[in-house]
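Q: This structure is in C-alpha cells; I'll ask about it shortly.
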Amino acid sequence: MGMSATMGDSASIPGVFFADFGPAPPEITPEGYHEVELNKTKWVLPQWYNSLKPLGEGAYGVVCTAEYEPTGDRVAIKKFFRPFQSTIHAKRTYRELKLLRTLQHDNVLEMIDVFTPDPDASSLNNVYFVSVLMGSDLQNIMKIQRLTDEQIQLLIYQVLRGLKYIHSAGIIHRDLKPSNIAVNERCEVKVFLSFSQLSFLILSFFKILDFGLARAQDAEMTGYVATRWYRAPEIMLNWMHYTQTVDVWSVGCILAELVSGRPLFPGDDHIDQLTKIMSVVGTPKEEFWSKIQSEEARNYIKNRSPIIRQDFVTLFPMASPYALELLEMMLILDPDRRISVSSALRHDYLREYSVPNDEPVAMDTVINSIVTIDPAEERATTLSDWRELIWNEIRLFQNSARRLSFVSCTDTEEEPMKI
C-alpha cells in the first residue's frame, strides 16, 4: 500500500517514467558467470572475477574488489543500484557509461571492463563497471604520513596533468578533493571522476546535459556541488557562470594541505567556509563585488571589515619558495586572475617532472562524443529505449581493444617512488 502511494506520487513527475524494476532475473546463473553474495548484495559476475571483498557504497552503486584471474590483478567493480528505477536513473547510467568508455588518460581512472549477466536488451537490469584498483587515495595517505616535497611535486603534477586532459574534453571536475585522487605505492595518480558532480564546458552548445548536476557552460550553473573544504568560492557565491579554474582552487587547497599537514579551510558551514577563506586570502576589492550574482552573498562581503591577505611564508613555514609561489597563484579569490592548469604545469615548482610534450589532451573524437547527443538518445523516452542504448554501449566497449587491456603496475623497469 505504502509502495503504491510512493510510486503514484513519483509517477506524476512530467517526462519521468518509473519501472517495476523490469523482468525478474533468471533463476539459473548464466553460463560463464558465477553468483556471489557480499554484504547482502547478490553479484553475478564472469567466472574470471573471484575473491570479492567489499570496498564501499555510494548513492548510485556498491563497489567491491575482485581478483582478475588471468593476471592475478585486483580490480574494483561497481554494481549499479537499480539503474532502471526510472528514466532519470537510466539516463544517468547511460551517460556515465558513454563518458567512461570515451575518456582515456594515464591520470584519469578509467573503465577497463563493463558487463551484464542479462541475456539481451529487453531483460537488461544489471550493469557492472570495472576499473583498475589503486592502492589507496590521497586522503588516507595524508592521515598516516607526511609526504616529502619531491613526492608532493610529483602528485600535484599528475593531478594537473589529468585535469588538463579533462578540461580539454570540455569537462569541469567540480569535486576534486583528496578522497577523489587515487594513488598507488609508486606515487602514480589517477583522478576519479565523481560523475554526478561533473560540469560540461561545451562552447556554442546550449542544450543542458543532465549528467546528474552537470550542465552545459551556457546554461545557468548550480552552486553547492563540491565538498565544502575544497570548494571554490565562486561556487558558494552563486555566480551564474564559473570556469575550469574552480578545479585550480581545489588543487591549491590540496597542495596547502600537503605542505602543512592540515586542511586549509575546514568550514563548519557555507558562511564559516567563506569566512575562513577570506581570513587567509583577504576580503575582495569593490570591483569584484559586481561579479557576485547572489545579493545575500554580496551584502555579506560588503558589510565585513576589510581583511588583509595573510603572508603565505608565515602561514606555510614548511613550504619551499616555489610551492609558496604556486599556492599564491592558485588561491586567488577572483577566478579571472587565478592561474590556469596549463600555466600551473609550467610553474618552476613542478619543473623536475614537467614533460610538455607528454601532456595529452582529448582528441576531437572524444570531444565530439561528449558534445554530440545521439539521435537515439534524443528519441529515448521509455525504459525500453534506455535499455537498448545501454545494451549497445556495453557491446561497443566489449568489442573494443581497450577491454581488459590494463597493465599491472609491476610491469615497469623504472624504480618506484615509495609512499
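Placement of Cβ uses the backbone N, Cα and C atoms for every residue, glycine included.
Fair warning: this is a prediction, and the values are worked out from it, not measured in the lab.
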Q: Per Swiss-Prot, which of Lys40, Lys78, Lys91 sits in the ATP site along with Leu55, Gly56, Glu57, Gly58, Ala59, Tyr60, Gly61, Val62, Val63?
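A: So the ATP site in Swiss-Prot includes Leu55, Gly56, Glu57, Gly58, Ala59, Tyr60, Gly61, Val62, Val63 plus, from the candidates Lys40, Lys78, Lys91, Lys78.
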Q: Tell me, how many other CB atoms lie within 10 A of the CB of Glu57 (ATP binding site), whichever protein chain they belong to?
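A: There are 15 such Cβ atoms around Glu57 (ATP binding site).
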Q: Long-range neighbours only, meaning 6 or more apart in sequence with Cβ under 8 Å: which ones does Gly61 (ATP binding site) have?
A: Lys78, Lys79, Phe80, Phe81
Q: When DSSP states are folded down to helix, strand and coil, where does Ala59 (ATP binding site) land?
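A: Going by the DSSP assignment, Ala59 (ATP binding site) belongs to neither helix nor strand, so it counts as coil.
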Q: What other residues of the same chain, not counting Leu55, Gly56, Glu57, Gly58, Ala59, Tyr60, Gly61, Val62, Val63, Lys78, have a CB atom within 8 A of the CB centroid of the ATP site?
A: Lys79, Phe81
Q: Averaged over the whole of the domain 'Protein kinase' (49-350), what is the pLDDT?
A: 84
